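Peer 1: The structure follows.
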Amino acid sequence: MVSSESLSESAAPPPKKYGVTKPLSLAGPTEADLQRNAELEKFLRESELYESEEETARREEVLQRLDEIVKQWVKQLTRQRGYTDQMVEDANAIIVTFGSYRLGVHGPGADVDTLCVGPSYVNREEDFFILLHDILAEMEEVRELQPVPDAHVPVMKFKFQGISIDLLYASITLLVIPEDLDISEQSILYNVDGPTVRSLNGCRVADQILKLVPNAKHFRTTLRCLKFWAKRRGVYSNVTGFLGGVNWALLVARICQFYPNAIPSMLVSRFFRVYTQWRWPNPVMLCPIEEDELGFLVWDPRKNPKDRTHHMPIITPAYPCMNSSYNVSPSTLRVMMDQFQIGNKICEDVELNKAQWPALFEHYFFFEAYKNYLQVEIVAADNGDLRAWKGWVESRLRQLTLKFSVDALQIERDTNGTLQCHPYPNEFVDMSKPCPHCTFFMGLQRQKGVKVQEGQQFDIRGTVDEFKQDVSMYSYWRPGMDIYVSHVPRREIPAYVFPDGYKRPRQSRNTIQHTPETDAKGCMSSEERRSKRKQETHTVDVQSDKLPKRASISPQDIGSVSPASVSSRSGGSSQIITPEESLQEVKTAGLQNQSSDDKSTEDTGEQKPCISE
């Protein structure tokens, strides 16, 4: 006779499946895990990653005010276009959020990603970027208004009562927008263009992520933790070829699916364990990729040749499914894999009580990691022009990184070696210079495992000149906008990049000196720029002296000086001849390179990695 207990056990439903594969483990936390989790959450609070109640209330007030403004804007347009009084009364637009704010993981001072959804007769090109722009420009509460109509996702950036706002616009095929509009409905995508689909998908992806994770609270804490880690380690930036907020959210969500009963301290550890072993370019997916009669392209390397070139596919879960990490290059993937290895080792030590959580979040010593750097300085006539010019140049920095990856084949044939480029996401500003400017740096080194002769040099002048030519195509260029590219050996890294203006113990005899003859704004005059371009040559001895190690934490907006050797938008010869180095990155000694993936692109399904629990 079968007992009722046995019947109950046999009738128990199978565990819920999250994602495209079964979980790797259903184990819950032990007492030790609970203790480590408490310590982790205490560390996150002490690191001030949560905003105050006052700031939360201010954000809500700003969003409410913005919602009122777009409603009035649409009613005004409806009246001007001769619609009936009833249509004017019913005319509506709504503000919805996406990104970190919608996911519930935003921190103090973070911007708010917002989307305005308007009716079919209100367009983006004129009504949004001209008429609404002019309304905002006249408001005292609005500062630093910057329209970016030509972006992949057109956006208007500004500060409203001190809160940073990124505002998108989507015109959908409805004459009246209901207040309770469901963004997740697929019908909302009928008869809209590509930029509108991309604008709407920010909200749709955020909602899908929260639906597809087993525990939203654990997901949020883990994501907040990993975003903080990525910023500390210099790998948080979609525009420069690393990963942005939605990419990290998707990676964390997949770990939550693999370990549905785990708590944040376990999920952080499993995050590094899984992704150090992940065989890219196998895609990370939260759900199967679905096609639809709407006909939008979805990510599919079997049909789309361009999708086969992606190095780190992280697929969005909302239709049309896209690769959110198409910006990743071979060089930036290598950097992230190295950082995953470091994170995995520290988490192992934490679990063995050999380390504490703060060790995981130490700053990355970027300016100690390489012997050679590329310095890219951006200047403009005023701060408004600088914001626009910087946004354009920063978006092209990824192309410079990719050019190194592409040109490496030619370099390898010519020099029997390959040059790799590590862009650093943070920008630097020299507060002592009145000229509006900012500076980015890239670390340069040879590919690991490639042998070169002593004194061998890389000539990357053609690559840099091509980058300059690309940047010069900016449609909204204004007088004063300029860019300078120079090679800087590690011993000549200026003190402004170090915390508290750290001064190096000794100054190299070859350190670049600034000429005293500058214009009234602190920038070189046009005559001096032309003279510098004619004289510009950089050749670095392979036997560069090593300096004592120094603290080199590099927070954003600490300061920068203008390089003396320049290559400008208006032309000039940029000669950058970089010698080969064998310097290894700090704290990455002994780490093995990730094995290459031999998976055929005929299969778009995610492959579960071989990971020991």
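Any Cβ shown, glycine's included, is placed from N, Cα and C.
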Peer 1: Which stretch, out of 1-33, 34-66, is listed as region 'Disordered' by TrEMBL?
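Peer 2: Of 1-33, 34-66, TrEMBL gives region 'Disordered' for 1-33.
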Peer 1: What is the set of residues, excluding Asp111, Asp113, Asp166, whose C-beta falls within 8 angstroms of the centroid of the C-beta atoms at the Mg(2+) 2 site?
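Peer 2: Filtered neighbour residues, in order: Gly99, Tyr101, Val112, Thr114, Lys157, Ser164, Ile165, Leu167.
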Peer 1: Tally of helix, strand and coil residues over the domain 'Poly(A) polymerase central' (218-362) according to DSSP?
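Peer 2: Across the domain 'Poly(A) polymerase central' (218-362), the residues distribute as 73 helix, 6 strand, 66 coil.
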Peer 1: Where Val246 (ATP binding site) and Asp113 (Mg(2+) 1 binding site) are concerned, what is their Cα separation in Å, rounded?
Peer 2: 12
Peer 1: Nearest to Asp113 (Mg(2+) 1 binding site) by Cα, among Phe98, Ser100, Tyr236 (binding-site residues)?
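Peer 2: Considering only the listed binding-site residues, the nearest one is Phe98.
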Peer 1: Cα within 10 Å of Asp111 (Mg(2+) 1 binding site) is the criterion; apply it to the binding-site residues Phe98, Ser100, Tyr236 and give the hits in sequence order.
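Peer 2: Passing the 10 Å Cα cut: Ser100.
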Peer 1: Radius 10 Å, atoms counted are CB only; among the binding-site residues Phe98, Tyr236, which position scores highest?
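Peer 2: For the binding-site residues Phe98, Tyr236, the Cβ with the most other Cβ atoms within 10 Å is Phe98.
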Peer 1: May I ask which residues of the same chain, at least 6 positions away in sequence, place their Cβ under 8 angstroms from the Cβ of Ser100 (ATP binding site)?
Peer 2: His106, Gly107, Ala110, Asp113, Lys227, Gly245
Peer 1: Return the residue, from the listed binding-site residues Asp111, Asp113, Asp166, with the maximum count of other C-beta atoms within 10 angstroms of its C-beta.
Peer 2: Asp113
